[in-house]
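Here's the structure we're looking at; comments come further down.
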Amino acid sequence: MHLEAVPSERAVEASPSASSSTSVSSPESPAASATAVYERVADFLSNMRSVNPEVVRATDPWYALRFFGRMLREQDKTYYHLSRRTDELKVFWSHSWHGSAQSKILVLLLMYNGFAAIFVGNLVALTAVALSSYGLLPGYEWSPILEPEEHYIAAPWGVSLGCLSALITLIIWRPRSTPIFLDRACINAEDHTMQMQGILSIGAMLKQSESMLVLWDTTFVERLWCIFEIAAYLQSHKGREQSLVVRPTALGVSTLAVFGLTAFRSSVQVVISYSDLDPAKAAMFNVVVTGFSILFFGLTASLFRAHFASLETMQAQLSSFSMKDAKASCCSLGHVSPSGVPVACDRVILTECIEKWFGSVEAFEESVQTQVAEALKKSMGDRVIFPRAWLVGVAIPAFWATLDMAASRWRAGETAKGNVVLIRAVTWWLGGAPLVLSLASGLGHIFRKRRQKVCDLAITGLMGVLMALMFAGIAGIQIVLEEGMQNLEAAVVFLVIVECLLCLVLRPRCSGKAPAFDARRGHTTTDLGQGDRC
């Protein structure tokens, strides 16, 4: 493969300079030169040693993610100056340069900056709600849907400023300094000798890494070097396969889309006033709101279906993985670089390495089909699209919007009513919204298979209706409780009921069968397998 053409793919030139990197002299016979280079390079790679300690390097997540992941988006620049020599690598980032850069950037931003984004967004939203409750922010006359006869001064300050600050923080936050390997920064593409030494030292860097983060998309399994990296990592971390973490890049898009839809749906309750509607207008308005809710839930259902369909595609790719199907750029270039220099065949070299490690190509293929597939399954779970922490994160706009409604009561001096709405806000954030999303993701898994267009739209619409009914059912529990109890008691009982229902739905995760996700660390190592407990 040729590094100048595709930054993440590597090339070993079939020349004396390539073999000299391994400190072995070239054979005198030109006919035997290529074979000798292949054997020596394969031997060196399989031993997982570094050519030169200087080429074992690391960079920080901040350098990779700043300016919205410029390092991952721009393929015509070098960032070697942003790396440093290291004896310790926390995470080896493995990815395909043929996949969507934006999708990789989004999922990395969520992993490394997601916790900070929610924290800052929550802080800003709470501040805005406090200012609004004291009348320090402007508002407009508003009536809640359950109390259309009441009139308050309200405005969506909490949900709007919370979402805005969370998104800004997600992009500009500087995550904790952690030594990671990213090929763009850690391999010197400008100095040919150091470039070759870096490529030959890939095995050493994989061996020294505490964990491996695979940014998986449909092109990953098609690239020979990507598969080689997994092989080297599994070989050097026997007994610690749980440190291999797989994150589908589509997860980032799905997360932000659900977050945005939740924010939009929640804001409607604060923006629209339900006062002074005559029966005819009220009926029409309820039809519009119901239709809008079904549309919102339908879009969410479509995202879930697409997500699980992509996961199924990945599982199918893994279950039928074969080395002969993996692509190598060197073969497509005819084993000659654009500058006319002969390029060794990566397939021959890497196949020999894999045979040394696993005994045969078939044994390695079986390892990918089982261990890597299991890592993907553990990372994402069987039914629930998001771990609990992510469910709480994408549902937080519902919390902020309900706090805006509580602020309107506090502003009017109705402290008791405001406190009841506050408990409702916590309930919907930590229980109601995650419960609906969890059930919806289960439906997305059931109906993940794509069909003809009309049938496909009908299924998505049906899922939207079912999600709307779930939401209405939970809201119905709240209404029934409030009719039979005092408001405060009803709010507390509602909180307990919803949390119990959520733990029932997330029972596999509560019992420790799924991996925890630590957004503050940005990766999972020993946390894997401990479970994301309720």
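Cβ coordinates are placed from backbone N, Cα and C, and glycine is handled just like the others.
Automated prediction, rather than curation, is the source of TrEMBL annotations.
Annotation source TrEMBL lists compositional bias 'Low complexity' at 13-29.
Per TrEMBL, region 'Disordered' is recorded for 1-29.
Taken from TrEMBL, the feature transmembrane segment covers 105-131 (among others). Taking Cβ pairs closer than 8 Å, the transmembrane segment (105-131) reaches residues 61, 64-65, 68-69, 72-73, 137, 157-159, 161-163, 165-167, 169-171, 173, 175, 215, 247-249, 251-253, 255-256, 390, 393, 396, 400, 403-404, 406-407, 517, 519-520, 522-523 in its own chain, all 6 or more past its ends.
The feature transmembrane segment is assigned by TrEMBL to 151-173 (among others).
Sequence annotations record features per position, and here TrEMBL assigns transmembrane segment to 244-264 (among others).
TrEMBL lists 284-304 (among others) with the feature transmembrane segment.
The transmembrane segment annotation in TrEMBL covers 385-406 (among others). Residues 114, 118, 121-122, 125-126, 129, 132-133, 144, 154-159, 162-163, 166, 254-255, 258-259, 262-263, 266-267, 269-270, 304, 307-308, 418-419, 421-422, 424-426, 428-430, 432-434, 437-438, 441, 444, 506, 509, 514-517, 519, 532-534 of the same chain, all 6+ positions outside the transmembrane segment (385-406), place their C-beta atoms under 8 angstroms from a C-beta of that stretch.
TrEMBL lists 426-447 (among others) with the feature transmembrane segment.
Annotation comment: TrEMBL describes 459-481 (among others) as transmembrane segment.
Among the features that TrEMBL reports, transmembrane segment is placed at 487-506 (among others). Sequence-distant contacts of the transmembrane segment (487-506), counting only residues of its own chain at least 6 positions beyond either end whose CB sits under 8 Å from a CB of the stretch, comprise 384, 388, 416-417, 419-420, 423-424, 426-427, 430-432, 434-435, 438-439, 442, 474, 477-478, 481, 534.
Long-range contacts of the transmembrane segment (244-264) within the same chain: residues 99-100, 103-111, 159, 163, 211-217, 230, 233-234, 237, 296, 299-300, 303-304, 306-307, 310-311, 314, 371-372, 375-376, 379-380, 385-386, 390, 393-395, 397-398, 401, 433, 437, 515, 523-525, 528, each at least 6 residues beyond the stretch ends and with a Cβ under 8 Å from a Cβ of the stretch.
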